[in-house]
Amino acid sequence: MASLNGPLRVGIGGPVGSGKTALMEQLCRRFRDRYEICAITNDIYTKEDARILTVAGALPEERILGVETGGCPHTAIREDASINLAAVAEMRRRFPKLDLVLIESGGDNLAATFSPELADITLYVIDVAGGEKIPRKGGPGITRSDLLIVNKTDLAPLVGADLSVMESDTQRMRGTRPYVFASLREGHGADRVATFIVEAGGLR
C-alpha cells in the first residue's frame with residue numbers, strides 16, 4: 001500500500017513525560033495488522049524509548065529503531081534531520097513495502113517542530129499534569145501541529161486542572177486545527193488519533 005513517494009511519515013513531538021511513547025505504542029497496536037509499519041524513536045543518550053516499545057510488544061523488534069541524538073534533541077528533527085532521514089532510509093531498506101513510519105522526537109520544549117523534509121504529518125503531545133496553563137503558552141507545537149493531543153486527562157482532578165478551561169484555551173490557540181483530549185495509558189483517545197492519521201495521510 002506504499003505510495004510512489006514512499007511511506008507516510010508521522011512525527012510525534014512533545015515535552016518529556018507528556019506521553020509520546022504511550023501514543024506510539026497505542027498507534028502501533030492499532031496499525032500493525034492493517035499496514036506495513038515501523039517506529040523510530042529519538043533519545044539524547046540512550047535508546048530507552050525503543051526498548052520500552054519492544055518490551056511492550058508494540059511491534060516486532062526489527063521494526064523499531066532507536067536513534068541516539070546527543071546534545072539538543074530538536075536539532076535532530078528540525079535543523080539537521082540527517083540522522084533521522086538516515087533511519088527512515090534504513091527502515092525502507094529493511095521493509096520496501098512500508099506504508100507508515102512513526103517518528104518520536106526526543107522530549108523537548110514547546111518550540112520544537114519537525115522539518116517538513118522529515119515528517120508529512122506532525123502530532124504534538126502535551127499533558128494535563130504540566131498545568132492548566134500549558135495550552136495558552138503557545139509555541140509551534142501547540143499552535144501549528146496538524147493534531148494536538150492533550151494527554152493525561154485522568155489526572156485533572158489531582159492537579160487542580162479545569163479541562164473546560166484547557167479546551168477553551170486550546171480552541172483559541174489553534175483556531176480550526178484539530179485536537180484530541182486523551183488518556184493514552186488507558187487507550188482513551190487513541191482511536192481518534194489513528195483515524196486522523198488515516199484520513200489526513202490518505203492511507204487506504
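Backbone N, Cα and C atoms are what each Cβ position is placed from, and that goes for glycine too.
Quick caveat, the model's predicted, so the values are computed rather than measured.
Copied over from Swiss-Prot, here are the features:
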type	residues	note
BINDING	GLY14, PRO15, VAL16, GLY17, SER18, GLY19, LYS20, THR21	GTP binding site
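Features recorded in Swiss-Prot, as mapped to the structure shown.
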residue: GLY14; record: GTP binding site; CB count, 10 Å: 28
residue: PRO15; record: GTP binding site; CB count, 10 Å: 19
residue: VAL16; record: GTP binding site; CB count, 10 Å: 10
residue: GLY17; record: GTP binding site; CB count, 10 Å: 14
residue: SER18; record: GTP binding site; CB count, 10 Å: 26
residue: GLY19; record: GTP binding site; CB count, 10 Å: 24
residue: LYS20; record: GTP binding site; CB count, 10 Å: 28
residue: THR21; record: GTP binding site; CB count, 10 Å: 23
Non-site residues, in chain order, whose CB comes within 8 A of the mean position of the CB atoms of GLY14, PRO15, VAL16, GLY17, SER18, GLY19, LYS20, THR21 at GTP: GLY107, VAL125, ASP127, ASN151
Helix, strand or coil at VAL16 (GTP binding site) [DSSP, three-state]: coil
